[in-house]
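Worksheet for the structure shown next.
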Amino acid sequence: MTERAGLRLHDTAAGAVRDFVPLREGHVSIYLCGATVQGLPHIGHVRSGVAFDILRRWLMARGFDVAFIRNVTDIDDKILNKAAAAERPWWEWAATYERAFTAAYDALDVLPPSAEPRATGHVTQMVELIERLIERGHAYAGGGDVYFDVLSYPDYGQLSGHKVDDVHQGEGVATGKRDQRDFTLWKGAKPGEPSWPTPWGRGRPGWHLECSAMARTYLGAQFDIHCGGMDLIFPHHENEIAQSRAAGDGFARYWLHNGWVTMGGEKMSKSLGNVLAIPTMLQRVRPAELRYYLGSAHYRSILEFSDIALQDAVNAYVGVEEFLHRVRSRVGAVVVGDWTPRFAAALDDDLSVPIALAEIHHIRAEGNRALDAGDHDAALQSASSIRALMGILGCDPLDERWESRDETSAALAAVDVLVQAELENRQKAREERNWALADEIRNRLKNAGIEVTDTADGPQWLLGGDGK
């Protein structure tokens, strides 16, 4: 099958499913809003990575060349505040958690992006974008900051459906703003914060500006698809559109948004304290099982986390895995086959993964019946098809990469038991004000390549790679 098979995607801007037609035949350009690296990645973060990794894999299977950009926001109020509270340099804090996100994506076999730009590496492009906006009458300097004039852009609110009169940027009152509906492009320097020189004085970029500048740098003035979580529709993506198009760029042609992961009906977020960190989850289930779970619901739906739902996904994945192992042990090697028309139709219909999974489990049932009846050819054909389908979803159980990840996950679980014991000893030493012993334990862990960060939720550890 070819790229002209009729892929349709739900475009948030249109509020409907649309035929996908790329700007350039055979090529697709995608920008995914990546992490603000302020803390450990949780399953809400990584669901976005998995959802749009499936999109990328399907496009590649269809024969497209895919340019996939995922940024890193490494300068932000939350990063600065948390680093200051921990008495650590902001750049060290950001780098620590950037590595944690990379490790989480790698563990779940999310394909590496074509490029992964950091915000701090693209300040020059951000300043150039601001200059264009000021020249066109869409931005102004005030009080040391630079703001986007929302009323200067008549189409503001079309993505989110917000009426201009009802806009609240959530930035608080700023003395330099002409209108409180305007949003910040550039923040004037504050004592103790990182800053860069500009024509308007030293400062640092606003969050919305970062993505517009990086998307343009790597994908050009117009590109195919912009992805992100549904919580980014407003104000982040609305503001990206406004500043990019006001500067004369076509920007994204399709907008795709994935649903939240919730617990008890509430969005999973650090501020609510209801997060499930990826390292914690990988002590409970294997990486492939977690990926299967996060990708199993339709990407636009809310994924309500529960232990029962997680176990159901694990059981479903194990059922597929056991079938493939049965075929391999009885018949022989199982090569990757072709995808089926029903599977292709499901993914072409706005990435309907639940229907695609139903096809996989239907084939598995047929394959098990064939194997029990001694029809090895039919069983092998079923197994080969399943490998192809599960591979497009990124969780083929017979892929050798998963076997190595399973071993790594088991090793990390064993290390965690040992590290937690050391952290308990360190906490006891701190309670007894035995600072020398507490420092000795921390240094011992550091020499083993384990970074310990004290947070409001207790100490967290990461493999830092700096062991002697």
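Every residue number used here counts from 1 along the chain in the order it is shown.
Every residue, even glycine, has its Cβ placed from backbone N, Cα and C.
Checking the ranges 35-45, 68-78, 233-243, 442-452 against Swiss-Prot, the motif ''HIGH' region' annotation falls on 35-45. Checking the ranges 112-116, 157-161, 267-271, 427-431 against Swiss-Prot, the motif ''KMSKS' region' annotation falls on 267-271.
Checked against Lys270 (ATP binding site) by C-alpha proximity, the binding-site residues Cys211, His236, Glu240 yield His236 as the nearest. Among the binding-site residues Cys33, Cys211, the residue whose Cβ has the fewest other Cβ atoms within 10 Å is Cys33. Across the motif ''HIGH' region' (35-45), the model assigns an average pLDDT of 94. According to DSSP, the motif ''KMSKS' region' (267-271) comprises 2 helix, 1 strand, 2 coil.
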